[in-house]
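Structure first, then comments.
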């Protein structure tokens, strides 16, 4: 078993710096009409805004969020990337860790932010609520004792101090693709017809954006033929089942990142809470320095563009070393299904523009409209080289191995191994304490039948199945994991050790400095594989799922029971909450 000696030593080093306070927030969730990108539609709001309010805390603080559900439907709130160390019932997953909040119901989430820092976010976890606006940013300020990688960026003490100043005043931007219709409507259409909801109206930054209508010639030159006026690839029989999608340009406000006087660097946290599109981040005429991923410091990468997948966070520093003025921040889709780009504005201190002026500046981009770099001399972020700073190698061996074969098992049905995680399970008594709610998508043991005990190390091997040509951005609740290997051609071995000893695959794995994330990417091609390794540091019922909305909604989810032999007693008030007495339907499948 692997003991978290590194975390323990860091906590001892912190000493009295972990004196904490309680950060209290009140959230009221409503559905309101909104037109952030110029097209009106119902949106889930938190305190009248989407994204919701920023939650800020220091390491060691307790966060308390009172949530008032004023919707006509059930809901929960998940704290994406946050370790639910002491109170696993506050992870916000209906049917797994809690009963959902009924309409006009309330619930208070309480958790302590321990052993982590940086950029996170919260979002609804009942159905596709996060894709319809129920989301917001979180920032856990890194403790003063934590090492920073700034001296690897510049040997100037002045620059290093400016980077520290930027870190203390970060910008937070929730980025996402944005559809013309509510996502539950689009998912029902997907279930019945197989038409994927990939055609977005806009890419929004903090809920702001525009629909840009490009010429057919430009769209075809960067994306190829067979596209509509929104740049979307048309799907077979799409015109029979979905509303016609015609590009209608809008002129709404853009998000402005106004640098303060005296600041020579700025820090921006990009938080991807979208539904379908992987996004490419770039700032016109500026190199960007990637300094953190999924909250934690990394060895810096100085690049011209950085990709950010669904559920991920990428934190960058930008040196304000160009002529003062406005520069476009571009967030561009990397998915082949649609040619689409969103814009924000980086504004230098003392810019002559008025505070409300938000026209896209005519600055030089680093990327084409399809997200590719305009020159092979430019640098793209390499996500597999985002090594943690300071170095934190993974455990050398694992105690358990789980293997998941990703496959499409029918129209509108995705599975990890045996079958989809049915949507009705979010209305069952939570499986955290109710064993009868645990189905074939609940995993209590590894491939050898051993239970995953507290303190043990787990490998998860993902393999892309037959007839699958779509990538999968997975998210692991409650743990960060080292992404120790990726490859092609399938993974026929039962364990990583077998792959190395019997398959000669040693060069396919990194046990020295792999990235550590709360998710991973499984490649697009049949036979692609990814292996992650993590340690079970506290008991939990942890969901593992694809964050692409139609995969998530169509059942590509499992629940892992980790360290449950050490589980704290579930409070009686969790079990006694008002809830629906639900009997599963006869139909077996997602979105029931």
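For all residues, glycine too, the Cβ spot is worked out from N, Cα and C.
Features as listed in Swiss-Prot:
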- 1-19: signal peptide (SIGNAL)
- 26: N-linked glycosylation site (CARBOHYD)
- 78: Cu cation 1 binding site (BINDING)
- 80, 123: Cu cation 2 binding site (BINDING)
- 125: Cu cation 3 binding site (BINDING)
- 173-350: domain 'Plastocyanin-like 2' (DOMAIN)
- 370: N-linked glycosylation site (CARBOHYD)
- 407: N-linked glycosylation site (CARBOHYD)
- 445-563: domain 'Plastocyanin-like 3' (DOMAIN)
- 454: N-linked glycosylation site (CARBOHYD)
- 475: Cu cation 4 binding site (BINDING)
- 524: N-linked glycosylation site (CARBOHYD)
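Shown here: features listed in Swiss-Prot, placed on the structure.
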residue	record	CB count, 10 Å
26	N-linked glycosylation site	13
78	Cu cation 1 binding site	27
80	Cu cation 2 binding site	26
123	Cu cation 2 binding site	25
125	Cu cation 3 binding site	29
370	N-linked glycosylation site	21
407	N-linked glycosylation site	20
454	N-linked glycosylation site	17
475	Cu cation 4 binding site	23
524	N-linked glycosylation site	13
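The CA atom of residue 80 (Cu cation 2 binding site) is located 22 Å away from the CA atom of residue 454 (N-linked glycosylation site). Under the three-state DSSP scheme, residue 524 (N-linked glycosylation site) falls in the coil class. This prediction places the mean pLDDT of the domain 'Plastocyanin-like 3' (445-563) at 93. Residue 125 (Cu cation 3 binding site) falls outside any helix or strand according to DSSP and counts as coil. Applying DSSP to the domain 'Plastocyanin-like 3' (445-563) sorts its residues as follows: 14 helix, 49 strand, 56 coil. For the pair the residue listed as 'Cu cation 4 binding site' and the residue listed as 'Cu cation 1 binding site', the Cα-Cα distance reads 12 Å. Rounded to a whole value, the Cα-Cα separation of residue 524 (N-linked glycosylation site) and residue 125 (Cu cation 3 binding site) is 26 Å. Using Cα positions, the member of the recorded positions 78, 123, 125, 370, 454 nearest to residue 407 (N-linked glycosylation site) is identified as 125. On the backbone, the CA of residue 123 (Cu cation 2 binding site) and the CA of residue 370 (N-linked glycosylation site) stand 28 Å apart. In the three-state DSSP scheme, residue 80 (Cu cation 2 binding site) falls into the strand class. Separating the Cα atoms of residue 454 (N-linked glycosylation site) and residue 26 (N-linked glycosylation site) is a whole-number distance of 34 Å.
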